[in-house]
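Q: The following feature annotations were taken from Swiss-Prot:
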| type | residues | note |
| --- | --- | --- |
| BINDING | ASP211, HIS213, HIS345 | Mn(2+) binding site |
| COMPBIAS | 34-46 | compositional bias 'Low complexity' |
| DOMAIN | 428-555 | domain 'Ricin B-type lectin' |
| REGION | 122-227 | region 'Catalytic subdomain A' |
| TOPO_DOM | 1-6 | topological domain 'Cytoplasmic' |
| TOPO_DOM | 27-558 | topological domain 'Lumenal' |
| TRANSMEM | 7-26 | transmembrane segment |
Amino acid sequence: MRKIRANAIAILTVAWILGTFYYLWQDNRAHAASSSGRGAQRAGGRPEQLREDRTIPLIVTGTPSKGFDEKAYLSAKQLKPGEDPYRQHAFNQLESDKLSSDRPIRDTRHYSCPSLSYSSDLPATSVIITFHNEARSTLLRTVKSVLNRTPASLIQEIILVDDFSSDPEDCLLLTRIPKVKCLRNDKREGLIRSRVRGADVAGATVLTFLDSHCEVNVEWLQPMLQRVMEDHTRVVSPIIDVISLDNFAYLAASADLRGGFDWSLHFKWEQIPLEQKMTRTDPTKPIRTPVIAGGIFVIDKSWFNHLGKYDAQMDIWGGENFELSFRVWMCGGSLEIVPCSRVGHVFRKRHPYNFPEGNALTYIRNTKRTAEVWMDEYKQYYYEARPSAIGKAFGSVATRIEQRKKMDCKSFRWYLENVYPELTVPVKEVLPGVIKQGVNCLESQGQNTAGDLLLGMGICRGSAKSPPPAQAWLFSDHLIQQQGKCLAATSTLMSSPGSPVILQTCNPKEGKQKWRRKGSFIQHSVSGLCLETKPAQLVTSKCQTDAQAQQWQLLPHT
C-alpha cells in the first residue's frame with residue numbers, strides 16, 4: 001500500500017512540474033507575440049494610444065469551393081530558382097507566394113470601432129476587381145480576404161475583370177470559388193473602361209471597387225455600406241493600410257490623413273486641417289476628403305450611373321480619381337474616408353505593365369481631360385504646373401461638358417471655396433502698370449491718421465511701363481495691389497451699391513479684395529458690382545455699359 005501511495009505521489013509531483021512548466025512557457029510565448037505586434041504597430045507609424053493587437057478571426061474558415069485546386073493554381077505560376085522576384089509585378093512575389101491565402105492580419109482600427117453597430121438590413125454589394133497580369137497569390141488573397149472577412153449576405157458577387165492578361169486561366173480558374181465571376185476583355189482596355197464594364201453587369205445596388213493586390217480587414221465593408229445606405233450620394237473610401245512590397249508585412253496607416261493634390265494634379269496624402277482636428281472629438285466619425293485615391297471605394301450604382309460612370313475616353317490608368325472626385329463634389333455628392341473601415345494595399349514604386357502611349361503621355365491625356373471639363377478658368381494653373389500638357393492631344397470632351405451642364409454642376413471656384421480652400425491659388429505677378437480712365441489714373445493719395453492709404457484719381461504721370469509709385473499697381477490673380485495693400489470693397493453685397501473702395505493689407509483669401517476684368521469693367525468678384533469713380537471717392541456700383549465712370553484701361557494688360 002505504501003508503495004502504491006509513493007508511486008501516486010511521484011506521478012502527481014511530475015504532473016504538477018510539467019503543468020507549471022507548460023503554463024509558464026505559454027505565458028511567455030503570448031507576451032513575446034504581443035511585444036512583437038506592438039513593435040510592428042509602431043513601425044507602421046499609427047498615431048494612436050498603445051493597445052494590444054487583435055488578430056482578426058476568419059468569418060469563413062477556408063472558403064468552400066466547387067473543385068478549385070488552390071495548390072495547382074498557385075504552383076503553376078511560381079518563380080523559377082534564381083528569377084528576380086520583383087521583375088514581373090514590382091513587388092516581392094517570392095514573399096507573397098510563401099504566405100497563406102487565408103493569412104491572419106492585425107485589426108488596425110481604433111479601439112472604439114468594435115463597439116459600433118450597423119443596420120441589420122445593409123444592402124448587398126457587387127465587388128469589382130480589375131487586373132492585368134496580377135500575381136496569382138495576391139489576386140487569390142484579395143478574393144479570399146473579401147469572402148473570409150465579410151458576412152456572406154453582404155457579398156452578392158465578386159466580379160473579376162481580366163484586362164487581357166497573358167493567361168486567361170488567372171481569372172477563369174477562380175470562378176470555381178463560390179460568388180466569383182470572370183469577365184475577360186478581348187483587348188487591353190485599362191482600369192477605367194474595365195471598371196465600367198464590371199459595373200454595367202453588376203447585379204447589386206451598391207458597387208465596391210477594389211484593386212487586385214489588397215487584403216480587407218475586419219468589418220471593412222459594414223461602415224461604408226452604412227454611410228451609403230443613409231445617403232446614396234456619398235462616395236466612401238476606407239483608410240488604406242500598407243502591405244509592404246518587400247516582405248508583405250501588414251502596417252497600419254495614420255487615421256489623420258485625407259486625399260489632396262497640387263495644381264499638376266498629382267495626388268498626395270495630407271494631414272487633416274488643424275481646425276478640423278480641433279473639432280473632431282469622435283475618431284470613428286467620417287473624414288471629408290477633397291479627393292479619393294481611387295483604388296478602393298463604395299458607391300451607389302444608380303448614383304454612379306447618374307454621374308456618368310467614368311470618362312471612358314481616358315486610357316489605362318491615372319487621373320480618373322480626380323475626374324470622379326470633382327464630379328461627385330460639384331454635382332451634389334460628397335466624398336468621405338470612413339476610419340472604422342480598413343483595407344490593406346500593396347503600394348508599388350513603378351507600374352509593372354506597359355502603357356501603349358507611355359506612362360507620362362497617358363497620365364497627361366487623362367488629367368488634361370479632367371482639367372478641360374471641370375477646372376474652368378483655373379485650368380491655367382494646371383498648364384502652368386504641367387507645361388508638357390500644352391499642345392498634347394486629349395480627344396473630344398464635348399459630351400462630358402454637355403453632361404456637366406445637364407446635371408447643373410457647381411463651378412470649380414465653388415469647389416475651391418467650399419471643399420478645398422487649403423489649395424492655394426498661385427499668385428501670378430506682372431510688371432507694374434497703371435489703371436487709367438481718360439487722362440486720369442488711379443492713385444494712392446497719402447495716408448489718413450490711421451495710417452491707411454487713401455484712394456483717388458489724378459492726372460497720369462510718367463508712362464505705363466514706368467509710372468510714379470503712387471500710380472503703380474501690381475496686377476496679380478484677382479488682386480490689385482500697391483505697397484502690400486490691396487484694393488478692397490467695404491461690402492460684398494450686391495444690394496449695397498455705392499460702397500466705398502479702400503486699400504487694405506493684402507489677404508489672398510479675403511473675398512472683399514477679389515476683382516476680375518470683364519471687358520473694360522473692373523468687376524468685384526463676389527458682389528458682381530463694378531468699380532466706379534465718384535467726385536470724392538471710388539465706389540462699387542451696378543455695372544452699366546453706358547457709364548463712362550466705370551470704363552477702365554489697364555496698362556500693361558495682363
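Placed from the backbone N, Cα and C atoms, the Cβ positions cover glycine too.
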Q: So what's the mean pLDDT when you look at the region 'Catalytic subdomain A' (122-227)?
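A: Reported value for the region 'Catalytic subdomain A' (122-227) is a mean pLDDT of 97.
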Q: Pick out which of the binding-site residues HIS213, HIS345 has the most other Cβ atoms within 10 Å of its own Cβ.
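A: Sorting the candidates by Cβ neighbours within 10 Å, the top entry is HIS213.
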Q: What are the sequence-distant neighbours of ASP211 (Mn(2+) binding site), meaning same chain, six or more residues apart, C-beta distance under 8 angstroms?
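A: Looking at Cβ-Cβ distances below 8 Å from ASP211 (Mn(2+) binding site), excluding near sequence neighbours, one finds ILE129, THR142, GLY295, ILE296, HIS345.
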Q: Summarise the domain 'Ricin B-type lectin' (428-555) by DSSP state, stating how many residues are helix, strand and coil.
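A: Per DSSP, the residues of the domain 'Ricin B-type lectin' (428-555) fall into 9 helix, 59 strand, 60 coil.
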Q: Please list the DSSP helix, strand and coil residue counts for the region 'Catalytic subdomain A' (122-227).
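A: So the counts come to 41 helix, 29 strand, 36 coil.
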Q: What other residues of the same chain, not counting ASP211, HIS213, HIS345, have a CB atom within 8 A of the CB centroid of the Mn(2+) site?
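A: Filtered neighbour residues, in order: THR138, THR142, LEU210, SER212, CYS214, ILE243, GLY295, ILE296, GLY344, VAL346, PHE347.
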